[in-house]
Amino acid sequence: MKTFTAALLVGTALAAVPQQQPLQTQVEDSAWAKPLEDLKDTIKSMGAEAKQAWDQLASAFPDALNEYTLFSAPKKHTRRPDSHWDHVVRGADVQGIWVDGVDGQKHREVDGKLENYDLRVKAVDPSKLGIDPGVKQFSGYLDDNENDKHLFYWFFESRNDPKNDPVVLWLNGGPGCSSLTGLFFELGPASIDKNLKVIHNPYSWNSNASVIFLDQPVNVGFSYSGSSVSDTIAAGKDVYALLTLFFKQFPQYAKQDFHIAGESYAGHYIPAFASEILSHKNRNINLKSVLIGNGLTDPLTQYPHYRPMACGEGGYPAVLDESSCRSMDNALPRCQSMIESCYSSESAWVCVPASIYCNNAMIGPYQRTGQNVYDVRTKCEDGSLCYTGLNYITQWLNQKPVMEALGAEVESYDSCNMDINRNFLFHGDWMKPYHRLVPGLIEKLPVLIYAGDADFICNWLGNKAWTETLEWSGRAEFASAEMKNLTIVDNKSKGKNIGQVKSHGNFTFMRLFGGGHMVPLDQPEASLEFFNRWLGGEWKA
């Protein structure tokens, strides 16, 4: 199992694509709520084909079921009294607001089941942390009181024109990794150096947008719960509630355009979260677009591109030898067959074996080389996450003055929670076809898929492939569209070629040169360039 552990943390990691259908209603796999012993009993009682898959899995990876737990242990925490916070927004109060419709009939001001949610808000004093002095900041928790879930967020106003600039929600992936990683390691207003000093980031995405960094799902980062979330659809309900209550507290931001951006496993999150928002007719969330960077969205189409990327066909020298490349080729047909079965059933009993087999067969050979799965140009620096700098962030966030300034309620901060990662994996969420939600988004708003071209785990070859095979009304035109040079247009680097872009209607794909899994880390100037231009509406129908 250790052959693919790292890939399941920060990242995620041309097939014939069957006719795409909307993502099915969540499958009820009740056995997953049982103790592990009962789960094994359930496997024994399954049908022959499914049992064979699990038997083969157990034979190939004998420690798998013993090593993995299905639920995350609650994080130690102490909830602060309401008096600690500047504002507490009650979901029940928001749900109780009725307004007159255009037809003269009364309806709720905002839709959704909100009565069990609260939002706690406090102003963050930038002078105490040394981050973006003069920029208004808020932090706090979204509380799901019925299910004992508490999601932490940190909001930064735009450095430029917060009264008019758009608002962006940023999501890191994993699943199970804190979005504060994105804040301090990629696109936020500051980074942390080896001496735990705060370093200003001139290329922060809040240069021309206000940004919310959210630790989700629960038990990630500063978030905590007595329960657990183990699939993307369930997490989407929490995000809708957070945004609804946040914009109710701050109506000045609700007037601005709103966008959702993220990377890696956010390729699952964002189609589901955006679809959840759009499903509510009466809402105060002015969603205008979504951006997915180096995401895992359509595994069936993306997994065949691990071998080319590892074997020198993605624009960089080969990492693997010919023997390993042939081994991946040989394993691919079975991997694809298992993913196809997962797409058909969306059951954990089918999707979990597909995840474990394919990750070991298609990602494992690369990982065993010690090369960075997030950047084919480098070796892993430190531990499973490959970047020593992540340790500095964790150390800084675990300082008591920092936690006090933010109102954090957990005893300690971790950049990634492996239990959450395993929960999603062992509930079958990893391989599910969330790309089937994307056509519905394209009909209503612009969708950007961008990819740093040095990433292995969610590489640009696979992302380009799934965008070109996606079933939607403009598929043929998008697939045949030319990849054009993407150059910087409005600063001292004007004319610099930073990548390639193709677009048709509301759908756009970008390849960013020299970027790894985390494009803003490797190419900060280029990332801010395309981000600002995207928010400005340069690529849309």
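In case you wondered, yes, glycine gets a Cβ from its N, Cα and C as well.
These come from Swiss-Prot:
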type: ACT_SITE; residues: SER264; note: active site
type: ACT_SITE; residues: ASP455; note: active site
type: ACT_SITE; residues: HIS517; note: active site
type: DISULFID; residues: CYS177-CYS416; note: disulfide bond
type: DISULFID; residues: CYS311-CYS325; note: disulfide bond
type: DISULFID; residues: CYS335-CYS358; note: disulfide bond
type: DISULFID; residues: CYS342-CYS351; note: disulfide bond
type: DISULFID; residues: CYS380-CYS386; note: disulfide bond
type: CARBOHYD; residues: ASN208; note: N-linked glycosylation site
type: CARBOHYD; residues: ASN485; note: N-linked glycosylation site
type: CARBOHYD; residues: ASN491; note: N-linked glycosylation site
type: CARBOHYD; residues: ASN506; note: N-linked glycosylation site
type: SIGNAL; residues: 1-17; note: signal peptide
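Feature annotations (Swiss-Prot) mapped to structure.
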{"residue": "CYS311", "record": "disulfide bond", "Cβ contacts under 8 Å, 6 or more apart": "ALA318, VAL319, LEU320, CYS325, MET328"}
{"residue": "CYS335", "record": "disulfide bond", "Cβ contacts under 8 Å, 6 or more apart": "TYR303, ALA354, TYR357, CYS358, ALA361, MET362"}
{"residue": "CYS342", "record": "disulfide bond", "Cβ contacts under 8 Å, 6 or more apart": "VAL350, CYS351, ALA354, GLY428, MET431, LYS432, PRO433"}
{"residue": "ASN485", "record": "N-linked glycosylation site", "Cβ contacts under 8 Å, 6 or more apart": "ASN497, GLY499, GLN500"}
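You'll find the Cα of ASP455 (active site) roughly 18 Å from the Cα of CYS177 (disulfide bond).
Set side by side, the disulfide-bonded residues CYS351, CYS416 differ in how many other CB atoms lie within 10 angstroms of their CB, and the most is found at CYS351. Neighbour counts were taken at the CB atom with a 10 A radius for the glycosylation sites ASN208, ASN491; the maximum falls on ASN208. When the Cα of SER264 (active site) is compared against those of the recorded positions CYS177, CYS380, ASN491, the shortest separation belongs to CYS177. CYS342 (disulfide bond) falls within a helix when secondary structure is assigned with DSSP. Comparing the recorded positions SER264, ASN506 on other C-beta atoms within 10 angstroms of each C-beta gives the minimum for ASN506.
Following the DSSP three-state reduction, the secondary structure of HIS517 (active site) is coil. Cα to Cα, CYS386 (disulfide bond) and ASN491 (N-linked glycosylation site) are separated by 33 Å. Residue pair CYS416 (disulfide bond) / HIS517 (active site) shows a Cα separation of 16 Å.
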